[in-house]
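S.K.: What follows is a single structure, and I will ask about it in a moment.
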Amino acid sequence: MTRPIAVIGPTATGKSALALELAERLGGEIVNADAMQLYRGMDIGTAKVPECERRGLVHHMLDVLDVTETATVATYQERAVATIDDIRARGHVPVIVGGSMMYIQALLDDWAFPATDPQVRARWEERLAQIGVTALHAELAARDPAAAAIILPTDGRRTVRALEVIELTGQPFAASAPTIGPPRWDTLIVGLDWETEKLDDRIARRTDLMFEQGFVGEVEYLLSTGLRDGVTASRAIGYAQVIAALDAGGGAGALAQARDLTFVGTRRYVRRQRSWFGRDHRVVWLAGESVETGGPEGLAGEIVSRWRLSSNT
């Protein structure tokens, strides 16, 4: 069966454009690996490729959740693995694209996750809504100091997950960490990155464009559909900052600060992505700067040649 290709790397490096070019050349189908692009309606703030720009190519794992639902790596893994197996069985090439670190790792490698229980999780999510993330994190610290030490006091999603696992297993959270198995499909993993100064400029321009294209209106609409109740979606970079600005009155100053904080939060996230992906020796890193001269077409040609050689096709 066909060998998948994964296009990974930090935010704003041009992964989506490269994935489109690869899928078109190989007759492939695109599989999203960006956690926030799983959500319907979260389009501008996640830089989701508009349907009119998808070149008629099949896209999977986009717009599969309401903003009130919680995205989990385990659920994503189950659905995405089945999707890729189906694509391969039909003789097509899966082109995986995204920058959500654990989602990509759990997809490309055989991770086994501890049990989950929607009712238990819902109870802890309700507790989070009642007392706030700081107080809930303090409860985690009382139950499992080691877990609290590695989870940020502002990370409500991971705090809830830790408390859920502790309740279900009766063990410390660390004892229930995912078991990492072997690679699934011998995927060709391509990483795209830029020099830091240039990537910062791309992030700034993307952030400005988001706000110019109606990002605030998107958040306002999603709030009317329950975004505030979404444990995962409401904490996405950009969305959380705009929600706070709207709560502060939505004035020009508050929204300008939301824009600045979105930029800062994205840069911070890029550092985490680089650290995570940089540890994977399988990644073939390509310089995003080459897009400036040859466009995604030039990079795609190089990747396709490498893929054909390694796949003996």
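Just so you know, glycine gets a Cβ as well, placed from its N, Cα and C.
Reproduced below are the annotations present in Swiss-Prot:
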type: BINDING; residues: G9, P10, T11, A12, T13, G14, K15, S16; note: ATP binding site
type: BINDING; residues: T11, A12, T13, G14, K15, S16; note: substrate binding site
type: SITE; residues: S100; note: site 'Interaction with substrate tRNA'
type: SITE; residues: R121; note: site 'Interaction with substrate tRNA'
S.K.: Tell me the Cα distance separating G9 (ATP binding site) from S100 (site 'Interaction with substrate tRNA'), rounded to the nearest angstrom.
M.R.: 9
S.K.: Near the Cβ of G9 (ATP binding site), how many other Cβ atoms are there if near means within 10 Å?
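M.R.: For G9 (ATP binding site), the count of other Cβ atoms within 10 Å is 27.
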S.K.: Do you know which of the recorded positions T11, T13, S16, S100 has the most other C-beta atoms within 10 angstroms of its C-beta?
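M.R.: Max Cβ neighbours within 10 Å, all protein chains included: T13.
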S.K.: Could you name the residues, excluding G9, P10, T11, A12, T13, G14, K15, S16, of the same chain that surround the ATP site, i.e. Cβ within 8 Å of the Cβ centre of those residues, in sequence order?
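M.R.: Leaving out the recorded residues gives G99, L192, D193, G288.
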S.K.: Minimum Cβ neighbour count within 10 Å among the binding-site residues P10, G14: which residue?
M.R.: G14
S.K.: Within 10 Å of the Cβ of R121 (site 'Interaction with substrate tRNA'), how many other Cβ atoms can be counted across all chains shown?
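M.R.: If we count other Cβ atoms within 10 Å of R121 (site 'Interaction with substrate tRNA'), we arrive at 20.
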S.K.: When you measure from the Cβ of A12 (ATP binding site), which residues in the chain that are at least 6 apart have a Cβ under 8 Å away?
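M.R.: Long-range Cβ contacts: A47, L199, R202, I203, R206, T266, V270.
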S.K.: Whole-number Å distance between the CA of G9 (ATP binding site) and the CA of R121 (site 'Interaction with substrate tRNA')?
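M.R.: Here the two Cα atoms are 31 Å apart.
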S.K.: So, in DSSP terms, is G9 (ATP binding site) helix, strand, or coil?
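M.R.: In the DSSP reduction, G9 (ATP binding site) maps to coil.
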S.K.: Neighbourhood of the substrate site (T11, A12, T13, G14, K15, S16): other residues with Cβ within 8 Å of the Cβ centroid, in order?
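M.R.: So the additional residues around the site are G9, P10, A17, A47, G99, L192, R202, G288.
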S.K.: Which of the three DSSP-derived classes (helix, strand, coil) applies to S100 (site 'Interaction with substrate tRNA')?
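M.R.: S100 (site 'Interaction with substrate tRNA') sits in coil per DSSP, no helix or strand.
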S.K.: Under DSSP, is G14 (ATP binding site) helix, strand or coil?
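M.R.: Its secondary structure by DSSP: coil.
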S.K.: Using a 10 Å radius around its CB, how many other CB atoms surround K15 (ATP binding site)?
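M.R.: The answer is 25 other Cβ atoms.
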